[in-house]
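What Swiss-Prot annotates here:
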- 1-19: topological domain 'Cytoplasmic' (TOPO_DOM)
- 20-41: transmembrane segment (TRANSMEM)
- 42-313: topological domain 'Periplasmic' (TOPO_DOM)
- 314-335: transmembrane segment (TRANSMEM)
- 336-949: topological domain 'Cytoplasmic' (TOPO_DOM)
- 357-425: domain 'PAS' (DOMAIN)
- 476-692: domain 'Histidine kinase' (DOMAIN)
- His479: phosphohistidine (MOD_RES)
- 705-805: domain 'ABL' (DOMAIN)
- 826-940: domain 'Response regulatory' (DOMAIN)
- Asp875: 4-aspartylphosphate (MOD_RES)
Amino acid sequence: MKYLASFRTTLKASRYMFRALALVLWLLIAFSSVFYIVNALHQRESEIRQEFNLSSDQAQRFIQRTSDVMKELKYIAENRLSAENGVLSPRGRETQADVPAFEPLFADSDCSAMSNTWRGSLESLAWFIGYWRDNFSAAYDLNRVFLIGSDNLCMANFGLRDMPVERDTALKALHERINKYRNAPQDDSGSNLYWISEGPRPGVGYFYALTPVYLANRLQALLGVEQTIRMENFFLPGTLPMGVTILDENGHTLISLTGPESKIKGDPRWMQERSWFGYTEGFRELVLKKNLPPSSLSIVYSVPVDKVLERIRMVILNAILLNVLAGAALFTLARMYERRIFIPAESDALRLEEHEQFNRKIVASAPVGICILRTADGVNILSNELAHTYLNMLTHEDRQRLTQIICGQQVNFVDVLTSNNTNLQISFVHSRYRNENVAICVLVDVSSRVKMEESLQEMAQAAEQASQSKSMFLATVSHELRTPLYGIIGNLDLLQTKELPKGVDRLVTAMNNSSSLLLKIISDILDFSKIESEQLKIEPREFSPREVMNHITANYLPLVVRKQLGLYCFIEPDVPVALNGDPMRLQQVISNLLSNAIKFTDTGCIVLHVRADGDYLSIRVRDTGVGIPAKEVVRLFDPFFQVGTGVQRNFQGTGLGLAICEKLISMMDGDISVDSEPGMGSQFTVRIPLYGAQYPQKKGVEGLSGKRCWLAVRNASLCQFLETSLQRSGIVVTTYEGQEPTPEDVLITDEVVSKKWQGRAVVTFCRRHIGIPLEEAPGEWVHSVAAPHELPALLARIYLIEMESDDPANALPSTDKAVSDNDDMMILVVDDHPINRRLLADQLGSLGYQCKTANDGVDALNVLSKNHIDIVLSDVNMPNMDGYRLTQRTRQLGLTLPVIGVTANALAEEKQRCLESGMDSCLSKPVTLDVIKQTLTVYAERVRKSRES
């Protein structure tokens, strides 16, 4: 209830705040209006100032023109003075000039003596002034020119116009200025003197200018002019009723057009300024004051303030009207908003109060516990009686866990077992209540349901235990059958190499096929049983996916060749050299897919494509077999499921292989998919994550950069892969169309070359070739299509074979030097298992090799110390001394004979460990006769060459 009361108070406060907002908006409009009026006033002041400046320019021109006249008259007077007699020379006169008489300026002035002395000078000056008046004075509007002697201060008046002379006024003005001039400091006495006296009517006066005349650096006389000044000439035509006043240097009014009542006195604020613009004290007038050089006078223009405001009066009235209208509009809007928003909101608050009371009653009467918990600390804000009872059953730890779950917002329900063994299921949703984040919780007693689920779980566990027991039984039986089967299969393989009576060979072949199928079935059942009983674990470690793929193709290549199929293995350059995973299980999956592809393909080829796909390693197995119908693809990975009818039923199997593959890949965090069409073949794609991937360095094979290889490959996929691989190694690749090669060029083809190749070598990719590349004739190499990624290494050996021909370890075996009689080779077989040891010895005997056996590494060292051994075939994992320690001990004794490891763990790291211990090679069980023959041929030839050297 307090919440709703607070809400109503908030609404009331919001109403007052809205009114305050309206007032602030009105004040903002008022301030904007004032700013606009002030801006208009400044603009009007700028216009008036511009008009004042233009008018003052006319006054300045008047003063400047008078100053120029004084300079001309002074020049005339000084240049006509005779330096010899101190008089103006009258030469050049043609007419007689009127000579003015001297008049005393002071009572003690003696003008009679001066009249006689200056008679000639005055006559000459009068003639020149008369000449100047007739030709130039009209342009300057002068009234008279006068000359005053410097000693006795008598004045000679040269009238230029016929106008009455107010002698007393003029003499008084001259008397005052002459005294001022004579008493001035020496620095100021050499400058011109300007003043103005009032005329017969307002706005008209007389402007006087006085300048000294020197002769031989001695003041001889004072020359002056009088000119009528009219203030009306200092106005521009306009609408402003402006006044104009000229002040002296002390700020006293000399002449004004506005009348004595409006005369402006000098203001200390602007008397020292050359130019000043502003309002007078009391803001009665707007004035502009400017000096009039070269005189010491100043001119002041003024205009009443009411005339300034007259132009913006309408702007002021409009602004006032705008503020009144804006205030009325804002007041109306505020009232309307209150009536339509705030008043209805207060009514809604009252209704909410009623609704909350109603909801409280519903919650209190609910058959389940309902409560509201604060998200921050889990405190119970509101709850019914049942929820209160349930919450009291919870322990402190349960309350803390419930609070953490609510804060985490990861799940929406939790099951809790209370202290009295009551099972509560608490579900909740997040919401807002009283301005807080809360969780609305519903508590339900699910004890009955939990007991039922426990009963069902016990039944399921019993069934699971029975299933696991069955799986364990199958796994145990299958494992016990596998060991003797290895001996059966190996001996049957050896028996097939013997000369058998007619009909017996068919029986042996059937026995061999049945044994292999039985071994495959037992292995699948064992793996599936381990998966079902959760005993099969993924053992991740670092391995090389390249080595795993090479090993798989090497195992299945003989079977592919026997079926007259082609096996292409494309390992892209972006495949990591190492990653973390379970190589044994990956090998099992790919081997199963490859085995199925061989089994269901009668013609065509099989492609194994390995590449990096983002963060995954993608392995694709594609065949040209019978294909799978779309409706059966969805059940392809079900246990014991076999595809279709007809031809598919001719292939035996348990139907567990793909189910095991899917489960293994899923355990490795990968996925497997299939794309198939009947009659077109199938494509299986396996993806595993690239955990801890290490990528190869992007650089070419040393020594191959710039070499040229010609491609004449019909298979488009093989051609594209070879081109990319060779270019990555720095080799120049060109399509061969019959061009003439250079002696260093190599031809790469997948068909028989009709004519002799004139280059360095020919490499032919053959689907029937098994094993490492062989040189069948000088410069003619045969290469398996199952390992095209090894072509750059072969090319490196082809180009370097002449440089390293003296090293027998780098020599390649060739078929023309193969030895069919191997009785000169003594091979030591080391294996702790008697059947495997005997089987391997028999296989070597069938190939013509001499053989000795040893039980373990210690026994092998004893045999080596007493007999000459050429090659050692040793099991890796043996008691007493394993194959690794045997090899290391052999190398420590200084023996360099080839040591070949034989292991059941045919993984990349196992082979790498064998090589690091000092072994020359490593074979994987089961070891077939073909693999033994091919491997021993290489090392036997190496031993024979070392004997010859």
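FYI, residue positions are counted from 1 along the chain as it appears here.
Just so you know, glycine gets a Cβ as well, placed from its N, Cα and C.
In the domain 'PAS' (357-425), helix, strand and coil residues by DSSP number 30 helix, 18 strand, 21 coil.
If you draw a 10 Å sphere around the CB of Asp875 (4-aspartylphosphate), it holds 24 other CB atoms from the protein chains shown. In the three-state DSSP scheme, Asp875 (4-aspartylphosphate) falls into the strand class. Broken down by DSSP into helix, strand and coil, the domain 'Response regulatory' (826-940) contains 55 helix, 24 strand, 36 coil.
Per-class residue totals from DSSP over the domain 'ABL' (705-805), listed helix then strand then coil: 26 helix, 28 strand, 47 coil. Here the domain 'Response regulatory' (826-940) returns a mean pLDDT of 87 for the predicted model.
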